[in-house]
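Asks: Just dropping this structure here.
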Amino acid sequence: MNKIIVGLSGGVDSSTAAAILHHQGYQVEGLTLWLMKGKGQCCSEGMVDAAYICEQLDIPHHIVDTRNLFQANIVDYLVTGYSAGITPLPCSQCNKTVKFGPMLAYGREKLGIDKIATGHYARLDYDSKSDRYLLKRAIDRNKDQSYFLYDLTQYLLAGSVFPLGEMVKSETRRIAAEYGLKTADKPESQDLCLVESSGSMRAFLDKYITPHQGEIVDREGRVLGRHDGVHHYTIGQRKGLGVSAPHPLYVIDLDPAMNKVIVGDRDSATKMESTVKLVNWVSIAPPSTSIRAEVQVRYRSLPVAANIIPLGVNEEKPQDGFRVKLIFEEAVFGITPGQAAVWYEGDILLGGGIIENEK
């Protein structure tokens, strides 16, 4: 009988993934990561629900303490980024360093199981010609989470299974109800797992970064208003600026050194090109010449056609890894340092990386 570990968060998606594999005849074992050092939605109600699901399915349940790993790779990563005036993307970082890697290692080293499954909406194929696993968008484009998986290596993809990739969300809930899962009607979480259910990202960051009031200025340096902490803002933001103007204003830059938020019109918040670092080539080997693909610069943004020019590794900054230049075919709004740029050919995710702060 094939053995597999299912990462259980306590939500309907991971619960249904476990139930599907269990009913397909897999020998399933549930695994829940203990992420937060304090109270949080992901490690209270979620852990209890995950344990209940394992009891319902009559499968073992393992809890792995990854609190220190989560603190170092996610919390500290966020705080460092926001302090520097960028907007980090914790989910892709978490998937690689806290979830998939540690789960696969635990399964192989402790349980003798070399496959893991999650409730992510994504698909995997194997291309024998290139000897590579191809990461693809889910059938349910509205729920597709491949964007957050761009940083997974071939090693991690080879050990991963996504049972929900061919399903739409309504089908997931229907199957959960058919199996009588407790989580069938559980609402989806609307926040990052590290944001306490009664709080917000702003409140979370304020625990680690002391807010300092400063000036909101235009590109010419004219003072238009006051802000309550640079780390509360992100590129492209319009709401919550508290600045009166004859036309809409957007955040176009952040200067934490001078404690200033710079605003401008919408055109000032658009770009025709960007540089991306720490690139992970997923479904293809690193190209030696430019390629054309559809690039997504935020999770919910529409893909834009672009030429992707390989820059290789900067010998002066090897820590930035493989870099590329993106030349867009049309202006793109709100390109934000710290977020991921991910490129696709059709449904196939070719690669992705972190948008550089090009100051």
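Cβ atoms are placed via backbone N, Cα and C, with glycine included.
The following feature annotations were taken from Swiss-Prot:
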BINDING   G7, L8, S9, G10, G11, V12, D13, S14, L33, G119  ATP binding site
DISULFID  C94-C193  disulfide bond
SITE      H120  site 'Interaction with tRNA'
ACT_SITE  C193  active site, cysteine persulfide intermediate
SITE      Q339  site 'Interaction with tRNA'
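How buried are the listed features, and what sits near them?
Replies: Around G7 (ATP binding site), a 10 Å sphere centred on its CB holds 24 further CB atoms from the protein chains shown.
In the three-state DSSP scheme, H120 (site 'Interaction with tRNA') falls into the coil class. The Cβ of H120 (site 'Interaction with tRNA') lies under 8 Å from the Cβ of D13, Q145, F148, L149, F162, L164, G165, each of which sits 6+ residues away along the same chain.
Around the Cβ of C193 (disulfide bond), the number of neighbouring Cβ atoms within 10 Å comes to 20.
Around Q339 (site 'Interaction with tRNA'), taking its Cβ as the centre, 22 other Cβ atoms fall within 10 Å, counting all chains.
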Asks: What's the CA-CA gap between Q339 (site 'Interaction with tRNA') and G7 (ATP binding site) in angstrom, rounded?
Replies: 25
Asks: Counting only residues 6+ away in sequence within the same chain, which have a CB under 8 Å from the CB of C94 (disulfide bond)?
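Replies: For C94 (disulfide bond), the qualifying residues are F70, N73, I74.
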Asks: Give me the Cα-Cα distance between G7 (ATP binding site) and C193 (disulfide bond), rounded to a whole Å.
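Replies: Each residue's Cα considered, G7 (ATP binding site) and C193 (disulfide bond) end up 15 Å apart.
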Asks: Starting from the Cβ of S9 (ATP binding site), draw a 10 Å sphere and report how many other Cβ atoms land inside it.
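Replies: The Cβ of S9 (ATP binding site) has 24 Cβ neighbours within 10 Å.
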Asks: Which whole-number value in Å describes the distance between the Cα atoms of S9 (ATP binding site) and C193 (disulfide bond)?
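Replies: So the alpha carbons of S9 (ATP binding site) and C193 (disulfide bond) sit roughly 10 Å from each other.
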Asks: Taking the residues G7, L8, S9, G10, G11, V12, D13, S14, L33, G119, which the record names as binding ATP, find the longest CA to CA distance and state it in Å to the nearest whole number.
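Replies: Pairwise Cα check on G7, L8, S9, G10, G11, V12, D13, S14, L33, G119 gives a maximum of 16 Å.
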Asks: Through the lens of DSSP with three states only, how would you label C193 (disulfide bond)?
Replies: coil
